[in-house]
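Chemist: Sharing a structure here in C-alpha cells format.
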Amino acid sequence: MQGREQWATKLGFILAAVGSAVGLGNIWRFSYVLGEGGGFAFLIAYIICIFLIGLPVLLAEITVGRKGQSDAIGSFEKIAPGKWWKIGGVLGVLSGSLILSFYGVIAGWVFYYVFSYLSGSAGGVAEGGYGDYFGGFIGGTVGPVFWQVLFMAIVVGVVYFGVKKGIELANRMFMPLLALLVVILAIYGLTMDGAGEAMNFMFSPDFGQLGNMEVWGMAIGQAFFTLSLGMGAMITYASYLPKETKLPSAAGTVVTLDTLFAIFAGLMIFPIVFTFGLDPAAGPELIFITLPEAFGQWGTGGTIFGIFFFFLVGIAALSSAISLLEVGVSWAMRRLDWSRKKAALTAGAIITAFGIPSALSQGGPLSQPIFGYSFLDLIDTITDQYTLALGGMITALFVGWGWNKIEVLRETGLQDTTIGAIWIWFLRIVAPVGIFYIVANNFYNMFIASEESMSYLIIQMINYFL
Ligand code: PHE
C-alpha cells in the first residue's frame, strides 16, 4: 500500500474543515431558522448548543479520524476492532452521501441565480414576481437537473485531484474569498435603513422563546449541520492529519470561524429583509424569493449585490460539498481498493443520480409526495433530524465510554487537564442526553403530536404502495 495522503500544512486542514463547516447551512439554513426561531432567542439557544454539544462532538470526531488514519468507518474499526461502534461510521458515510445528493440540488439553484443575475434575467423580474420566477425554475425538468449536474461535476473535479492538489488548494483559494465577501456585504448591510431593526432582531434580549422546545430542536439540528457533524466529514478530513497537530485548538478555530461566519451572514441578510419590509420568517425560500424581491426593488445596486451574494453562497456550498463527497470516496478507496480517480467519478455519479429525483421533486415531474414529503424534503428530514444526530451521538459515546480515557486524552493532548476531564464528561453525558432529547422530540412531533400522526402516516404508506 502506498502512503496515505496528508494535508500539506496544518493551515490546509483548518481551511478545509472551515470550508466544510461554512456552507449553505450558514447562509441559507441559518438565516431561515434564525428568522423562524424569532431571532435572538434562537441565536442564544444555537450558541449554547454549539459550545456545549457541537464543539465537544467536533473534537471527538477529529480525534477519531486522526487516531484511526482511515475513512469514517475504517477509523472506528482500527481503534476498536470487531466492535459495534463502527455503526457510527456507517451512519456517517450513508448520511454524508444522502445529504450530498440534495445539497447538490440546492447548490445548483444557487449557481443558476448567479448566472441569471449576471445575464440580467433575474434582475428584470417584476415586483412580487420572484415566487413564480423561483417556482418556475425549480419546477422545471431540464433546468434544475442541469445546474445540479454542473455543480456536482465541479465537486468531483476537485476531489479527483486529491487531498493536497484538489481539496486543500481549492479551500486555500475559496476561504479568503468567502471571508472577504461576507465582511464587505455585511458592512454594506449595516449601512442600510433596516440595519437597526436587524440588530434588534438578532441581538436584543428576548428570552421568552427559550422555553420553546422547538427552538432548541432547531438549534441543535443547526449546530450539527453547520459543523458538518455526524456525517463522517470531519473524521475523514482529520484522518489526513499528521500526528503532531494540536487538535483542541483546531476544533476551537473551526467552531469560532463557523459561528462568526453565520453571524456575519445574518448581518448581511436581515438589514435587507427589514429595509424592504419583508418577512424574516419566510422559511427556506428566504434567500431564493424574499431577498431577490429586495434586490429587485433596489435596482442596479441590488443586481450587483445579488451577483456577489449568490456567488458567495455558491462557493461556500462548493467547499462543503467537496467534504461530503470525500467521505464516500475515502471509504471506497480503502474498502473497494479503488484508485482516487475511479472512486471520485463513481461515487460522484451515483450520488448525482440519486439526487435527480430530489431535483425533480419541487414541482417537476417527480413531485408526487411520499409519506407527505417531497423527495428532497424526505431525504433532508431523515438525515437532518435523525441519522446525523445518531451518528454524532455514537461518536460521542464511543469517545466518552468505549475508548480508553487515558488514550483519548493523550491523543488530543489534553491529558491531566481540567478541560480534558470536562470534555470527557460532556461526551459521556451532556451531548448524548441533549442529542437523545432532541431526536425523541423530533420523533414525537413527527409521528405522534402532529396532524400527520403515525396512524395517518401508515394509511398514507399503504396508499402509496397500492
Ligand atoms: N456544514 C455544511 C453547511 O453548513 C454542510 C455540511 C454538512 C457539509 C456535513 C459537510 C458535511 O452547509
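Backbone N, Cα and C atoms are what each Cβ position is placed from, and that goes for glycine too.
According to TrEMBL, the record shows the following:
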TRANSMEM  7-28  transmembrane segment
TRANSMEM  40-64  transmembrane segment
TRANSMEM  84-112  transmembrane segment
TRANSMEM  145-163  transmembrane segment
TRANSMEM  175-195  transmembrane segment
TRANSMEM  215-238  transmembrane segment
TRANSMEM  250-278  transmembrane segment
TRANSMEM  298-322  transmembrane segment
TRANSMEM  343-366  transmembrane segment
TRANSMEM  386-406  transmembrane segment
TRANSMEM  418-440  transmembrane segment
Chemist: The transmembrane segment (215-238) and the transmembrane segment (386-406): do they have three or more Cβ pairs under 8 Å, with pairs 6 or more apart in sequence?
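Modeler: As far as Cβ distances go (cut-off 8 Å, pairs 6 or more apart), the transmembrane segment (386-406) and the transmembrane segment (215-238) touch.
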Chemist: Take the transmembrane segment (215-238) and find every residue of the same chain, 6 or more past its ends, with a Cβ under 8 Å from one of its Cβ atoms.
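Modeler: Answer is 13, 16-17, 20-21, 23, 25-26, 29-30, 33, 36-38, 41-42, 45-46, 48-50, 53-54, 57-58, 61-66, 68, 71-73, 75, 89, 91-93, 95-96, 99, 209, 247, 254-255, 258, 262, 320, 323-324, 326-327, 330-331, 384-385, 387-393, 395, 434-435, 438, 441-442, 445.
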Chemist: Out of 84-112, 145-163, 250-278, 298-322, which stretch has the largest tally of CB pairs under 8 angstroms to the transmembrane segment (40-64)?
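Modeler: Between the stretches 84-112, 145-163, 250-278, 298-322, 250-278 has the largest tally.
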Chemist: May I ask whether the transmembrane segment (84-112) has at least three C-beta pairs under 8 Å with the transmembrane segment (145-163), counting pairs 6 or more apart in sequence?
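Modeler: Counting Cβ pairs under 8 Å, at least 3, so yes.
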Chemist: To the transmembrane segment (175-195), which of 7-28, 84-112, 250-278, 298-322 is linked by the most Cβ pairs under 8 Å?
Modeler: 250-278
Chemist: Checking distant contacts: for the transmembrane segment (250-278), what same-chain residues at least six beyond its ends satisfy Cβ-Cβ under 8 A?
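Modeler: Residues 10, 13-14, 17-18, 21-22, 25-27, 30-31, 34-35, 47, 50-51, 54-55, 58-59, 62, 178-179, 182-183, 185-186, 188-190, 192-195, 197-198, 201-202, 226-227, 286-287, 290-291, 293-295, 297-298, 309 contact the transmembrane segment (250-278) from elsewhere in the chain.
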